């Protein structure tokens, strides 16, 4: 008894992985180990920090992932291999950046991120098991007691779900003895469901299997599976008996503790997504939808007719208390301009929606009807444009009529996702469907007995579905809160980084201003020094090769300026002499003043040997002609005027003269 209790407890505490949750990867460091380089990857699932882990990957692991993803024919920025110099630190740093760009591109692509090779690369602990072998075992276990169906070959990964597998299936001829034995031994409701499927509809299934190909689908439970196994059996029984012209009928349904098995008709033309991508239905998912060779958009009439039929079947399901929640182009088939929805059983199995990573970013989209409306907007966009949306909201809509643009913006715009989406009835009453779709719709029945849509659920089943809806919405709202908090944290980090960048740029500007100011002061001092040297050189008392310090130059400028100002004051006090006498006396005094103070400054900064040579030069007689004196006077006057006009006022100081 203890064994069964422990097993029961483990079943309810088992963690079920959400395969649609986004995974973020950051390559933190690179280290050399035994002659090769290993990269440390830090990964986070969703927007909760507790779901994080670290793994080590080599370049060959990235190359193996690229080999598996090359079937999609998507151009990925994978860095090439280098044979020589691949252990240098600079090369490892460059390769680390290139690999970070590559893994970000893979994880941001919805098709590549949902593939099994990508999942095993980023999370080997959760995806290392063989999902195909488990599906075969569970399918054989479900079909063993019934005896009407034989499992055939697998169809491969034709769908985007990792935990959903497709097999060929054929029906065995009915055996009355084996069927009677199974009826006697069956005691559970699941076996009662098998009894009804094998006895009442045996002739119809034989006719259906003879006329068309059947496919068996095995799907594991998802994280939103909140319905007990007992109630789930009754709901599956009601879905087998569902009749609607726009819903593909189920031929058989069976479940166990791990998942559910259904059998339905396989259509050779494929789904709506196969039609839009011009793909073969039985090809692998990555090769079909990764980078399709062709794209085809539907006409406005087809978009309106198919959209109207989808809205009517969604309204019918919600009126019965049964949400769909899994509307996308891969779950729609078109037969004679009549829409048929697939995977009607996915909601009660708790598997996540294809567009869940999109509407989890908007807090207003959490009700079951709002989710169907949002997914319907994506379907309209893909049918009209020929390609799917890559973002959760539409940025710009072109190449479509204005009336369709208004309809799409009412569902997929940023304002609509913030304020709230319209209801299904409001969408059905839109002018777009009145203008482009005819009044009649597809009313082709599932069989000849009844043309009226029919879905009968028991009161217990309706209550179980209602509770499952509430729990699913609560989990979605909690995840949306986490997304909102994470976005707030990212915005704060961006603001902090921007403020830090502003402070750094401001500090850098200050440093550059100080350096430019110092350079400007230095250039002014050098210019003043050259002017003083030219003035002194014009008198013939200092040679060009002599070196004078800036301090001495400033002192010379101040002396010249002081003497010039004193001479100007004396001129104001005494009466002006004649021009010739004034010119000769002014030139003599100026020449004597410059020679005297230049001699003092040179004696202060020159060595003794240099001073004696200068004395000898200055004591030599200066005998020149009148023309030489006048030329020398003009040079001295121009040099003196330049030194007066361009002297450095900040270096002025009081100096005593011996005049």
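Along the chain as shown, residues are numbered 1 onward.
Quick reminder: no glycine exception, Cβ is built from N, Cα and C everywhere.
Looking at 459-493, 494-528, the range annotated in TrEMBL as region 'Disordered' turns out to be 494-528.
Tertiary neighbourhood of the coiled coil (462-489): same-chain residues 46-48, 223-224, 226-228, 231, 235, 321-323, 347-348, 350, 360-363, 366-368, selected by CB-CB distance under 8 Å and a gap of 6+ residues from either end. DSSP places the residues of the domain 'PX' (17-128) in helix, strand and coil in these numbers: 49 helix, 28 strand, 35 coil.
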